[in-house]
Each structure stands twice: as C-alpha cells, then as structure tokens.
Amino acid sequence: MFYTIDILGTIAFAISGVLVAINKKMDLFGILIIGFVTAVGGGTLRDLLIGNTPVSWMKDITFTYVIIASAVFAILFRSKINYLRTSLFLFDTIGIGLYTLVGIEKGLNAGLHPIICIALGTMTASFGGVIRDILCNEIPVIFRKEIYATACILGGITYFLLSKLPIDNNIVFIIAGIVVIVVRLLAVKFKIALPTVYKD
Amino acid sequence: MFYTIDILGTIAFAISGVLVAINKKMDLFGILIIGFVTAVGGGTLRDLLIGNTPVSWMKDITFTYVIIASAVFAILFRSKINYLRTSLFLFDTIGIGLYTLVGIEKGLNAGLHPIICIALGTMTASFGGVIRDILCNEIPVIFRKEIYATACILGGITYFLLSKLPIDNNIVFIIAGIVVIVVRLLAVKFKIALPTVYKD
Amino acid sequence: MFYTIDILGTIAFAISGVLVAINKKMDLFGILIIGFVTAVGGGTLRDLLIGNTPVSWMKDITFTYVIIASAVFAILFRSKINYLRTSLFLFDTIGIGLYTLVGIEKGLNAGLHPIICIALGTMTASFGGVIRDILCNEIPVIFRKEIYATACILGGITYFLLSKLPIDNNIVFIIAGIVVIVVRLLAVKFKIALPTVYKD
C-alpha cells in the first residue's frame, strides 16, 4: 500500500512541477526536468545528507517511468488539468504524509536524533518544491505562505510522541501520516498561514 | 586522447562561465567561482548522486589549475575573446560529447539502469551550465531554448543500442560521442530548438 | 575553546540569515530555514563533497538547538538587533576564521591537495551565505563585493606556508585563523573590495 501511495505522490509532485515549468515558458526538456526534480528532489537531498547513495530514484526505475508518463500526460492535457485539481491536491497531500514518515524512518535507520529525523522527513516532503522554485527563479513558495512544512513537523512530533507508547509501529506510522494530511487539509480549507515578521 | 578532450572541454566550460560572470559585474572571486562551477558542476552532481566521493575534481589537481588559467586568460583577453568564439564552441561541443559518455560509464560501473545512466551522462554534460545560471540568478538557458541535453540523450541512446551489437566498446564510445557532437552542431546551424508548451 | 568559537560563529551566521529572510517577508518557517542553511550550509557542502555523511550538523544536535534559539532571539529582538551589530560582526568574523581552518583540516584528513583543502576551507566559511542568497533569489553577495573569501584564502595559504616550518600545529592553526580575521577586519575598515571586470 505504501508503494501505491508513493507512486500517487510522485504523480502529483511531477505534475505540479510540469505546470509551473509550462507557465515559465520552458521547453520540453526543461518541463521534464522540473517535473522530475519536483518529484524526487526532496528524497534526493535527504539521501545525500545521510549518505544513502546512489540515491533512491536511481535504484528503482519505476519512478522515472511514472514521472515521464506524468509529464507527458500533463503536457497533453494541460488545458483540462483544472478538472483534476482536487484529485491532484489529494494525491499531493497524501504524498507529503507518506514522504514525511519515509524520511523519519530513514533518519532512524541512520541512528539520528528525533529532531534531525523530523527535519529529514520535512525535507523529503517539501524540498522538491523548493528546488523547483529555485530552478524557476522564484523565492520558494513554502518559505512565504504555505502551511506545508508545519504539517510535516506536527506529524513528525506525533510519530515520536506515540512511539513512546506501547502501540504497534505500523499504527503509529499511519496515525502520524494522517496528522500530516489533516493539518494540511485544515490549513488549506481555513486559509491558515504562518505569520510573517515585519521589521518595526 | 580522452584526457586531452576532457581538458579542452574544461577550458571551454570555464571560459563560458567567466564570460557570464563578467556580464553580471561580479568581482574576481565571483568570476573564478562561476568559471569553476560551470566546468565541474555537472560531474560534481553526478559524483554526489552515485556516492563517488571525494568528487572527481578534488582528486586530480590538474583541473583546478586549468580552470584558474582559463579564468585568468578569459579575464585578460575578454575584449578579444570573440575571435575565439568558434574554437570555444567546438571545444564545448566536443566536451559535452565526452562528458555524456563519461557519465554513462560511471553509471554502468555503479550498476545502474541504462535510462539512469543516460540521465547521469546528460547531467555531467549540462548541469554545470544549470548551476552557473542559478548562481547568476537566471532561469537556466538549457531549460528554455538550447538543444543541448537532447544531443546528450540521443548520444546516450546510440551508445546503448550499439552496445547490444558485437562491436568493440571503444568504437561504440566514439560513435556515440560523435552523435552528440553532430546533433549539437546541426541544431545550432539550423537553429533547431525544442518546442515550448503554452497553456491554451 | 574551538567548540565555543564554533557556537558563536553559528549564532552569528544564523542571525544574519534570519535578518535577510525577514527583509524578504518570509514566514516563520522560511525564516528558520534560511537561518539554518546560512549557519550550516557551508559545512554541509564540504561534507557532501568529501563524502563525510551523515553531514556534521546531523550528528551533534547542539547546533540545531543553537540555531533555533538564535532564530527566536533574532525574531523577537529584530528592531533592537542593531545594537548588537558590532558583536555579531565580530562573532561572524571569528567564525569564518575557525570555519576556514576546520575545512582545511577535514580536507587534509581526506588526503586532498593543499589547494583543494583551501577551497574546502573557503567553502565552509562562505557557502552558507551563498545558499542563503540563492534561496532568497539574489546573486550571492560574496560574488559581488565582499572581501570574505579572499580572507579565507589568505588564511589558508598562511596555514600551508607555516606548516612547512617547525612550529607546533596548534600555533599554526591559531596564526592562520588570526590572518583570516585581520584581513577581513582591515578590508571592512578600509572598504577594500576585489575589483570587478568590465567588458571594454
């Protein structure tokens, strides 16, 4: 099941990258690359920082196929993709729930401190979008107005709090993932954003 | 012979970086760094992703000397470098032919899938320029209008198709490199570019 | 003593990142991340390039706490931080002295050429700021007008010249660090900058 979620998340992330690249008037190669880095960038950064090389997407060709197919689909149906907006948003949200926890698990396997593990989880879920925005010459959107990382952090904290209780690890995993998803959904529904700080 | 090509490619890449940095009114340090990352950035990213560390240029000091010398040369003769435009373009083009194949070989040695190897080859040849453009605060030019990566990809495909035939590996290597070079030359001569995709 | 300097440098770097992020009107998450990458970005790049993973800040949670505390402090007292400008500038300057030498030592331990070691030292001291500027969508300030890297390079050269003499290594270390600090202080005091190069 986790593998299916991973694929759905990859599709959503890749399509989000493709749509940004089209808006930036990139050529086909640029569109494909932006789709790719949006989908795998977070996991790649995580793997590099903990020394898990070759990085994950290089070891399972499925992700490359899924991203290329998603990019082709998004290019062909770019004018109709609005109808899929809700599905894509759901895939994306479920994806960040999973990616946060995958990042945490990889950090635990590397013997790292819980706070570092949460940072790795958040990175896995959100830095694909950061790299996408840098390549598109924008200040990353999650640094400005998205409740996205906050959802990941709260999910990560839930994971570590629950894992101190006598609960099966799979259930802890699922509850923490649901926390990420619910926080994200509520934040979008009620337009909650982190405050910015102005110099007085 | 491959080492000589590698050096010529490095010179061409470094000079291209230096000229962009001069146009951006950077200081001497900035100019040197941009020359450096343009020359070694693609190989560095490849080495990081497959876990080949310390990365290549750190293990052979020759490249550092060549890049510094190229940067000094380009700064001193910046007003006359137009006369060398054709030579530099040729060095650059031969360089990407070689770098594509070096990347592919490193991927094969790491036991990776052919498609991933082609991606690594393309990265080796083209991501120095991407990092250059990011550091100069531009959307990378190869995402917008250059047939550059496409030449690398076609050369990579040629390599894998021919390597299934009973041909000596060195010859396959050379033919695939020539494909990269010829596609690039034809694309520039006939001003062929990849299409962009507009939202309808 | 070196550990204390490391912490002071981390505080200065983190606060510099936080102030830039506030000026860019980022939200709290963005501010924290920019503070973080400014503080640890240079060392992270160094560790990745030489293959020292998991990277240093992941192995010592103290730095994460110091950075978070610095960020909270800088946000709360952002309107009064000007009074601390001199202290912060001193911490920052002492920090780059130390970081340059830490980078050099890590390069020596990895068996690398002295020039590469100096490059690693300079990177450790200065690339946090480069990554900060890229994430904030600016051309990195040290490529344009700061004597910063030059101080690191001169300190690095001093280190290697003195280490050929029969002097205790700790003393060489301290003298080289002082060279970095003095060059930086003089450059700022007398407004010395590297020349830029214009196309004639």
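Yeah, the Cβs are placed from backbone N, Cα and C, and that goes for glycine too.
Automatic, uncurated: that is what TrEMBL annotation is.
TrEMBL has this to say about the protein:
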- C:4-77: domain 'Glycine transporter' (DOMAIN)
- C:6-22: transmembrane segment (TRANSMEM)
- C:29-49: transmembrane segment (TRANSMEM)
- C:61-77: transmembrane segment (TRANSMEM)
- C:84-104: transmembrane segment (TRANSMEM)
- C:90-163: domain 'Glycine transporter' (DOMAIN)
- C:110-135: transmembrane segment (TRANSMEM)
- C:147-165: transmembrane segment (TRANSMEM)
- C:171-190: transmembrane segment (TRANSMEM)
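Remote same-chain partners of the transmembrane segment (C:84-104), defined as residues 6 or more beyond its termini with a Cβ less than 8 Å from a stretch Cβ, comprise 2, 5-6, 8-13, 15-16, 42-43, 46, 117-118, 120-126, 148, 151-152, 155-156, 159, 173, 176-178, 180-181, 184-185, 188. Listed by sequence, the residues of this chain that lie at least six past the ends of the transmembrane segment (C:110-135) yet keep a Cβ under 8 A from its Cβ atoms are 13, 16-17, 20, 33-34, 37-43, 45-46, 49-52, 95-96, 99-104, 141-143, 148-149, 152-153, 155-157, 159-160, 180. Here the domain 'Glycine transporter' (C:4-77) has, by DSSP, the following mix of helix, strand and coil residues: 62 helix, 1 strand, 11 coil. The stretch from C:6-22, C:29-49, C:61-77, C:171-190 that makes the most Cβ contacts under 8 Å with the transmembrane segment (C:147-165) is C:171-190. Within the same chain, residues 7, 10-11, 14-15, 18-19, 22, 28, 31-32, 35-36, 39-40 sit at least 6 positions outside the transmembrane segment (C:61-77) and bring their C-beta atoms closer than 8 Å to a C-beta of that stretch. DSSP assignment over the domain 'Glycine transporter' (C:90-163) gives 59 helix, 0 strand, 15 coil.
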